[in-house]
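Note sheet for the following structure.
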Amino acid sequence: MATTASAAAVPPSYDTPEGVDIRGRYDPEFASILTRDALVFVAGLQREFRSAVRYAMERRREAQRRYDAGELPRFDPATRPIREGGWACSPLPPVIANRTVEITGPAQPRKMVINALNSGAKVFMADFEDALSPTWENLMSGQVNLRDAVAGTITFRDAARGREYKLNESPATLFVRPRGWHLPEAHVLIDGEPAIGCLVDFGLYFFHNHAAFRAGQGAGSGPFFYLPKMEHSREAGIWNGVFERAERVAGIERGSIRATVLVETLPAVFQMDEILHELRHHSAGLNCGRWDYIFSYVKTFRARPDRLLPDRALVGMAQHFMRSYSHLLIRTCHRRGVHAMGGMAAQIPIKDDAAANEAALELVRKDKLREVRAGHDGTWAAHPGLIPAIQEVFEGHLGGKPNQIDVAAGDGDSGAITEEDLLQPPRGARTVEGLRLNTRVGVQYLASWLAGSGSVPLYNLMEDAATAEISRVQNWQWLRHGATLDAGGVEVRATPELLARVVEEEMARVEAEVGAERFRRGRYTEAGRIFSRQCTAPELDDFLTLDAYNLVVVHHPEASPSKL
């Protein structure tokens, strides 16, 4: 009896291979993802590529030091033969020829995944990055959700509504976005150090699902990915190595994995040909990640007082540097035979105001008409309610074709796009109201992210980490350089004292908007402190989410026995 009681007292744990330690909470469903063989696969990726990732991250820091000293991003003379060469990427698989509308959202919660797959979009990009707070529960539940979605068995019962959710007969094609190279996974230790977050995301998803893709549709059916936050083609080269190793281990043909790269950093726009060349057997094109691109513009020129952004609402695709970025991306992709994907429509339906809702939809239609006329092959939507309007715009322009890769240029795209075009400073007013909006959005988003939600509806827009990053770095930039702000016809300087007053007043406004009880129970006060500290820091932190990451990490040392 004593032996039985002792055995029963031992908590269950993950079966981990040598050198792997799981510090996240044990759960039987999570254990079906964190199998010994899957962890061997992830650990193999970490051990082969960690040195290359460290080197790439140090090269990022070196480049930023040069930008801080006054150097500008530029096209690399050493890779001119790649930019001028006549090569092309491998032909796209037919299953992803039509990507006119893609919906994006987090890989968790489960009901949201089902609704996105059933939304009528051609593609659902399930996100482990900016739209997902990287808690252990979110990451592992997301892997469970996607495994079941690939198998076609995903269901969800909403007990409160008495409703069952399941896949329809024609769900969207699934793409998955792992985290960027810079983010760790502190719940998984490999050889005593946190795993590289994106290798955990990619490795677990690929290991459990590559066979199901092939069983369902055969070669050319995936898996498919989106790759975020890269700044240089060497980072794409690491991904190419990861894909090739995964294909070899799985015994599948090279090029079975396909990925679209988000061009969402300023340095990467000067590397688009080189990025496609590195991934040419695995490429599914490039995407205009325009919100992160604005964030990167500020971060790259953080030391330059002559590069101050106007209010974020004014930094749209009409700005010369943004329009040039979009047109160069289209031109580059079509020359290489792959998709040029447009940016996010972040609007969400306004249920209690029909006129305001129609006005918002009209803005979406105009933006998407601009994209398709420029030459984009598809675009992003944040909410299912936008899909019919976007689909109508794209299908009306394409006239039955799945894409327009054969179109070299669209509206207004003539002549060479130069370094000066891509770097032209944006124009527009900087206002105290802009400082207030940045603060209000940044604090509310961060509070939700700390509480476990990375996709947050605010003021009729779906916000993710990218818009919080714009809010933070723009406030920091204005304070760092003492920008002159318009305060209703009166000019004031951006100072820490002004920000402190704005934060206090906007926190009171947020409390009034969300209600005192929700404000008290939430993490708003903590978020306000973090956001204020970030905006007034002597040096700009690279990422808000990296700085706040340890606040969502919860270690459970008993989850797996150490085998180091």
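Using the three backbone atoms N, Cα and C, a Cβ is placed for every residue, glycine included.
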According to TrEMBL, region 'Disordered' applies to one of these ranges: 1-20, 21-40, 41-60, 541-560. Which one is it?
1-20
What mean pLDDT does the predicted model reach across the domain 'Malate synthase C-terminal' (430-551)?
96
Tell me which residues of the chain lie with their Cβ under 8 angstroms from that of Asp464 (active site, proton donor), as long as they are six or more apart in sequence?
Asp127, Asp130, Ala131, Trp291, Tyr445, Gly454, Ser455, Val456
With DSSP, how much of the domain 'Malate synthase C-terminal' (430-551) is helix, how much strand and how much coil, in residues?
81 helix, 13 strand, 28 coil
Near Arg177 (active site, proton acceptor), how many other Cβ atoms are within 10 Å of its Cβ?
26
